[in-house]
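Written below as structure tokens is the structure these notes are about.
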Amino acid sequence: MAEVDQFLSKKVADRYLKREVLGEGTYGVVYKAIDTKTGQTVAIKKIRLGKQKEGVNFTALREIKLLKELKDPNIIELTEAFPHKGNLHLVFEFMETDLEAVIRDRNIVLSPADIKSYIHMTLKGLAFCHRKWVLHRDMKPNNLLIGPNGQLKLADFGLARLFGSPDRRFTHQVFARWYRAPELLFGAKQYGSGVDVWAAACIFAELLLRRPFLQGNSDIDQLGKIFAAFGTPKPSQWPDLVHLPDYVEYQYVPAQPMRTLFPMASDDTLDLLSKMFTYDPKARISAQQALEHRYFSSIPLATEPALLPRPPPKRESVNSKVPDFNPGDGPTVLSPPRKQRRVMPHREGFDLNAQQMDEHGNENRQTAAGEKSGQAPMSLDFSVFGMRPPTRPTMNSADKSHLKRKLDLEFQLPEED
Ligand SMILES: Nc1ncnc2c1ncn2[C@@H]1O[C@H](COP(=O)(O)OP(=O)(O)OP(=O)(O)O)[C@@H](O)[C@H]1O
């Protein structure tokens, strides 16, 4: 039986021709690859199974099957999953760039309508998964990938639950802390979709400020940064707080007016942000409710995804075909994994002046292009810009549904006895 499994997984593995390493993340290395069946470029995430070397257990397989069924325009599609040489390989649709690259690109000006569009797509992806009872738990701008038609898609959905929470001891995980909800920082063991909404609020704030909003350098410091912005939570605001496992009393600091934190934002923006940044997870707005907030129906309306400004694709064309591939080629490392090029943050204190934050905040974070990001432009909150970068060719929808149908036939999981 094991031999049959090995044969099958080798057969699936042979379908993909590995090309260069795209980077290394929390769970392992990501390769660019060519799907020889379709000629399409894909991204393959090779997950180290660690202790579970003998294979992926049935629960994990079931979960993977569920993840494969999570199909939404704002979720990265997991098209295939197979074990090979002691690693689990997850095959995803290939994406050109990510929201972190958009935020860091100093040539890009984000209008309020552009920000609305990016946040709208983020919340739509979140609301879809929350409806299916799947949490992300590790939302951050580099997990929000952007396709050739400007569509934003959430990546890594469900992986935190499947493979355990990302290990914060790794330096490259330090950035994830900035998006952590206060209940997680206080050690909550039971938490819900509110953790993703808090992270989405941090991303929203980051789009407005063009720099990470709350950059704590430890969990305690992270809470300090949150309280410096929104005030120490009062028992009336968050009655369950004192019962959380790692609860410690913090010295009282008053909340800053939202207007001080985001001087350029509209009233609707501030109202939605404050609802997403609500301390008590039970009172925090849900992703679906956020989508129904008047911010999304008021002028300016969200920019069409295809018209959104975005950086040049990080890699070559999405639709590159097999012929340019030499089967003798091994994977070529074109550049060091992005995470290795990042540095630890050193910021001290919380600067309440947005302009000051902009000046200091970018010193410690490097761009996907490996350059130190200096002062990034603040997003503008008063106009929609006429000038847009040219749109990129998209995969035609007939090709896409054909590809989907083909892939759906693959990877039938064995039923548990
Ligand atoms: N579907 C994809 N298409 C194109 N590139 C991808 C895709 N998924 C991941 N990548 C790239 O591969 C690299 C590693 O990604 P991965 O998701 O493992 O880690 P990460 O998002 O950088 O960090 P973390 O694991 O902390 O979330 C990144 O440069 C990412 O942009």
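Yeah, the Cβs are placed from backbone N, Cα and C, and that goes for glycine too.
Mean model confidence for the domain 'Protein kinase' (16-296) is a pLDDT of 90. The annotation domain 'Protein kinase' is assigned in TrEMBL to 16-296.
The feature ATP binding site is assigned by TrEMBL to LEU22, GLY23, GLU24, GLY25, THR26, TYR27, GLY28, VAL29, VAL30, LYS45, LYS46. Sequence-distant contacts of GLY28 (ATP binding site), defined by Cβ-Cβ distance under 8 angstroms and a gap of at least six in the same chain, are LYS45, LYS46, ILE47, ARG48, ASN87.
According to TrEMBL, the feature active site, proton acceptor maps to ASP138.
TrEMBL lists 304-343 (among others) with the feature region 'Disordered'.
Here TrEMBL flags 359-417 (among others) as region 'Disordered'.
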>> According to DSSP, does GLU24 (ATP binding site) sit in a helix, a strand, or coil?
In response: strand
>> For a quick check of understanding: among the recorded positions GLU24, ASP138, which residue's Cβ has the most other Cβ atoms within 10 Å?
In response: ASP138
>> The record lists LEU22, GLY23, GLU24, GLY25, THR26, TYR27, GLY28, VAL29, VAL30, LYS45, LYS46 as binding ATP. What's the largest Cα to Cα distance among them, in Å, rounded to a whole number?
In response: 13
> Near ligand 1, which of the binding-site residues GLY28, VAL30, LYS46 have CB less than 6 Å from any of its atoms?
Replying inline: VAL30
>> Measuring Cα to Cα, how many Å separate ASP138 (active site, proton acceptor) from THR26 (ATP binding site)?
In response: 10
> Hey, does DSSP put ASP138 (active site, proton acceptor) in a helix, a strand, or just coil?
Replying inline: coil
